[in-house]
Amino acid sequence: MNNMNPKSLIVIFGATGDLAKRKLFPSIYRLYEKGKLSEEFAVVGVARRPLSHDEFRNYVQQSVEDSTKQELSDQHFISHFYYHPFDVTDTASYQELKALLERLDKTYNIPGNRIFYLAMAPEFFGTITSRLKSEGLTATNGWKRLVIEKPFGHDLKSAQQLNTEIRQAFSESEIFRIDHYLGKEMVQNIEVIRFANAIFEPLWNNRFISNIQITSSETLGVEDRGRYYDHSGALRDMVQNHMLQMVALLAMEPPIKLTTDDIRSEKVKVLRALRPISHDEVDQYFVRGQYGRGIVKGNEVISYREENNVDPNSNTETFVAGKLMIDNFRWAGVPFYIRTGKRMTEKSTKIVVQFKDVPMNLYYRTSETIQPNLLVIHIQPDEGITLHLNGKKSGENMKASPIKLDYCNNCIDGINTPEAYEKLLYDCMRGDATNFTHWDEVAASWSFVDPISEVWENTKAVDFPNYEAGSMGPKAADELLHKDGFHWWPIHYHE
Ligand SMILES: NC(=O)C1=CN([C@@H]2O[C@H](COP(=O)(O)OP(=O)(O)OC[C@H]3O[C@@H](n4cnc5c(N)ncnc54)[C@H](OP(=O)(O)O)[C@@H]3O)[C@@H](O)[C@H]2O)C=CC1
Ligand SMILES: O=C1O[C@H](COP(=O)(O)O)[C@@H](O)[C@H](O)[C@H]1O
């Protein structure tokens with residue numbers, strides 16, 4: 001097998017669902033188009049609705065065309081797709097699926113390499129993996145890998161239970177837990193920015209950095225995911241995984257080598273060093289919010305409690321802001337502020353590293369205040385970095401004024417910047433688990449988040465809804481920083 005063009009049979013459970021349609025089929029297509037898939041690959045879709053192979057191929061074609069906004073001229077790609085309708089709780093059907101996979105192995109000369117992608121509700125994960133093993137689908141001559149979507153559990157206890165179930169059929173090295181933020185170009189760039197630049201790494205500690213802010217704001221509401229979201233909330237949906245993963249990448253020590261195990265082990269150390277928040281400290285460190293009605297991008301929108309499949313008295317948070325402290329030598333005393341929410345002003349994910357002020361400001365006597373140096377990492381929608389510095393004001397005698405050094409990543413790579421799912425699928429095919437979360441990271445993240453969700457679940461938020469749709473969240477999120485003498489930096493690219 002050429003490792004750069006892996007031969008594999010991908011089985012997608014939940015093939016008629018939203019994720020498969022919007023993300024997985026277009027990603028497989030892009031890999032194919034770029035020549036990253038071997039000609040010898042096949043995809044089998046599994047879901048309950050009764051489709052024929054041809055109907056499924058039309059469905060996949062539509063999904064690819066919706067994504068590329070072009071007609072698919074190459075029917076050869078679509079011919080690699082097959083469909084096997086069944087209810088995953090029905091044991092008997094796994095034998096038929098097994099026969100289909102064995103037939104496709106022969107047709108495409110695939111040496112038993114299988115990816116089982118679970119793009120379904122998590123309550124099915126345990127059932128599917130145990131059936132895959134008991135019915136012999138995992139007993140292949142090639143490699144087998146399990147890709148698991150989030151949420152990985154609802155809390156530490158349920159995550160442990162789920163992990164025990166899937167570990168009956170797959171070893172840790174065969175489990176690829178998706179966190180799609182780890183597939184984003186600029187999230188992957190954090191390590192390079194930090195470790196490949198002599199001007200940053202020596203400053204990357206509590207002697208020079210005053211605070212770090214991570215904002216991931218969305219303009220969308222819960223759309224049609226109310227049933228899931230109302231039992232999850234922003235803390236579990238975004239903080240336990242994506243936000244903490246970004247914190248780990250920003251705060252970890254340089255790994256000894258750039259191997260999967262070395263990088264993961266440094267990230268786990270950060271997650272374990274997070275200062276635990278006890279029940280009575282939650283209000284001091286964390287703020288929750290829920291959106292009311294408002295105007296987003298010029299359109300009036302309804303409140304969270306009016307959304308489909310949401311309890312009209314819901315206590316679920318759609319916004320979280322928090323202050324995290326990392327109790328280790330490098331970060332002692334440096335707050336990491338995070339905030340994320342739905343129905344905010346704009347869609348944006350940004351990291352702002354604020355450096356400490358220079359010890360003695362020679363420009364004090366000027367009327368202008370010197371701005372702190374900032375390193376802004378733009379994750380999305382724009383991708384790049386901006387370094388905010390101070391320079392001499394043109395023509396003025398020794399007056400400092402802010403200047404910016406901008407690097408725009410997707411201005412250069414443009415629309416060719418690979419999609420997160422595309423990169424992660426390719427990594428999985430090549431067996432590279434670096435950008436997937438290890439069980440130890442999942443466990444440490446739940447341990448941190450659990451006390452906060454316990455308090456929030458058991459205390460009614462009397463002020464909900466407490467932020468207007470289209471705003472940047474509740475006032476208390478601003479106060480969280482003000483009491484430390486900081487403020488949130490704006491999320492607009494050019495500010
Ligand atoms: N959508 C997204 O953007 C994201 C989704 N995720 C995660 O991905 C997973 C899938 O999400 P999403 O695609 O949105 O979910 P959907 O509800 O859109 O899709 C669920 C899929 O499961 C199938 N299904 C449901 N019950 C059964 C059953 N008993 N047997 C066989 N198939 C069944 C459905 O097809 P049918 O009705 O035909 O059986 C459908 O294909 C979830 O874990 C979600 O949390 C994670 C991040 C983002
Ligand atoms: O995992 C999730 O992420 C999305 C946000 O992802 P992004 O790539 O668009 O930033 C969020 O909308 C969703 O609720 C959550 O489950």
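Quick reminder: no glycine exception, Cβ is built from N, Cα and C everywhere.
TrEMBL does not curate its annotations; it predicts them automatically.
The active site, proton acceptor annotation in TrEMBL covers His242. Of all Cβ atoms in the protein chains displayed, 23 besides its own lie within 10 Å of the Cβ of His242 (active site, proton acceptor).
Note on Asp18 (NADP(+) binding site): other Cβ atoms within 10 Å of its Cβ, all shown chains, come to 12. The annotation NADP(+) binding site is assigned in TrEMBL to Gly14, Ala15, Thr16, Gly17, Asp18, Leu19, Ala20, Lys21, Arg48, Asp87, Val88, Lys150.
Its own atom aside, the Cβ of Glu218 (substrate binding site) has 19 Cβ atoms within 10 angstroms in the protein chains shown. What TrEMBL records for His180, Lys184, Glu218, Asp237, Lys342, Lys347 is substrate binding site.
Annotation comment: TrEMBL describes 11-189 as domain 'Glucose-6-phosphate dehydrogenase NAD-binding'.
Sequence annotations record features per position, and here TrEMBL assigns domain 'Glucose-6-phosphate dehydrogenase C-terminal' to 192-489.
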When the Cα of Lys342 (substrate binding site) is compared with the Cα of each of the binding-site residues Ala20, Arg48, Val88, which one is closest?
Ala20
Would you identify which of the binding-site residues Ala20, Val88 has the most other C-beta atoms lying within 10 angstroms of its C-beta?
Ala20
Give me the count of other Cβ atoms within 10 A of the Cβ belonging to Lys347 (substrate binding site).
14
Rounded Cα separation (Å) that holds between Thr16 (NADP(+) binding site) and Asp237 (substrate binding site):
22
Fewest other Cβ within 10 angstroms of its own Cβ, chosen from the binding-site residues Arg48, His180, Lys184, Lys342:
Arg48
Close-lying binding-site residues around ligand 2 among Gly14, Asp18, Arg48, Lys184, Asp237, where CB distance stays under 6 Å:
Asp237
Near ligand 1, which of the binding-site residues show up if the criterion is a Cβ under 6 Å from one of its atoms? Options: Thr16, Val88, Lys184, Glu218.
Thr16, Val88
